[in-house]
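Worksheet: one structure, shown below.
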Amino acid sequence: MSATEAINHGELEKDIGTVPQNGGAPMQPQMSAEEHQVARAAARFGYGPLAHVNDAEASLPAFGGEFQPGLYKPVEGRKFGNPAPLGLCAFALTTFVLSAINMGTKDIAEPNIVIALAFGYGGLVQLLAGMWEMAVGNTFGATALSSYGGFWLSFAIVLTPGGFEIEKTLLADSPAKFYNSMGLFLMGWFIFTTIMLVCTLKSTVAFFLLFFFLDLTFLLLGICYLQQVDGAPNSKVQKAGGLFGLLAAFAAWYNALAGIADTSNSFFIIPVAHFPWSATGKSRRGKTD
């Protein structure tokens with residue numbers, strides 16, 4: 001124990017009444033065990049802001065509901081809630097609508113209705129969720145949610161009439177130039193999603209499937225724009241991309257529900273399956289052997 005800690009410890013003992021006063025018998029502490037623990041932690045760090053920092057060595061297993069692909073330390077006493085379900089829901093709803101359009105639902109051919117969602121929910125809200133993930137120390141969640149929030153914002157900018165007039169300018173020059181540009185745009189996101197996918201290989205099955213379905217979505221949609229048929233995007237490949245987009249949306253909602261539902265608000269807890277080679281999977285397998 002350092003000199004500073006010894007002084008603080010002595011002050012703490014006086015505060016909680018465990019040191020005899022004026023040579024008398026030790027006083028009985030008036031604090032609960034939990035209050036003792038909090039007070040000792042405060043004394044250890046000189047009653048400063050570091051008294052509220054969690055220094056536990058324990059780590060929690062990967063969990064899609066927390067948007068964490070690997071072991072991570074819990075954040076105790078934080079003032080922030082879990083931002084991952086918000087970002088996942090924003091991503092899921094926007095992806096669901098666009099994917100339904102890509103599948104030709106109700107003969108809707110133009111994705112203009114997605115622009116509002118892409119700006120407000122899938123873009124802005126998901127970007128904010130990504131920033132809040134950074135605040136709670138989740139680098140993976142911050143990178144993924146902020147990036148896909150940026151994807152929806154940039155996608156909306158491309159399709160927004162007026163303003164930058166990106167779509168109008170490219171179509172006026174040549175429809176093929178616009179389709180090829182969109183194909184390259186989507187292929188870039190396919191590469192990024194593949195990087196994210198690699199980081200989920202030791203997480204949960206639902207978390208992995210979210211990025212697996214999304215990866216196939218970007219790949220198929222990129223191909224549909226690059227491999228045109230009669231001067232238009234390949235409709236069959238586009239529908240296939242829409243199907244995997246729907247699967248990605250439902251996987252995102254599943255992970256979001258896993259992060260929201262608990263015993264205080266739900267009659268059931270979402271099952272979370274860990275890969276057998278993950279840290280949690282190995283631990284559970286060791287207990288059964």
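First residue shown is number 1, and so on along the chain.
Note that Cβ sites are derived from N, Cα and C of the backbone, with glycine treated the same way.
Annotated features in TrEMBL:
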| type | residues | note |
| --- | --- | --- |
| REGION | 1-32 | region 'Disordered' |
| TRANSMEM | 83-101 | transmembrane segment |
| TRANSMEM | 113-132 | transmembrane segment |
| TRANSMEM | 139-158 | transmembrane segment |
| TRANSMEM | 178-198 | transmembrane segment |
| TRANSMEM | 205-228 | transmembrane segment |
| TRANSMEM | 240-261 | transmembrane segment |
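Within the chain, the transmembrane segment (205-228) has long-range Cβ neighbours (under 8 A, six or more residues past its boundaries) at 62-64, 67, 69, 95, 99, 102, 176, 179-180, 182-187, 189-190, 193-194, 196-197, 234-235, 237-238, 240-241, 244-245, 247-248, 251-252, 254-255, 258, 272-275. Remote same-chain partners of the transmembrane segment (83-101), defined as residues 6 or more beyond its termini with a Cβ less than 8 Å from a stretch Cβ, comprise 65-67, 108-111, 113-114, 117-118, 121-123, 125-126, 128-130, 132-133, 136, 138, 141, 145, 148-149, 152, 214, 217, 241-246, 248-250, 252-253, 255-257, 259-260. Panel annotation: around the transmembrane segment (240-261), residues 63-67, 82, 84-86, 88-89, 91-93, 95-96, 98-104, 206-207, 209-210, 213-214, 216-221, 224, 268-270, 272 of the same chain, lying at least six beyond its termini, place a Cβ under 8 Å from a Cβ of the stretch.
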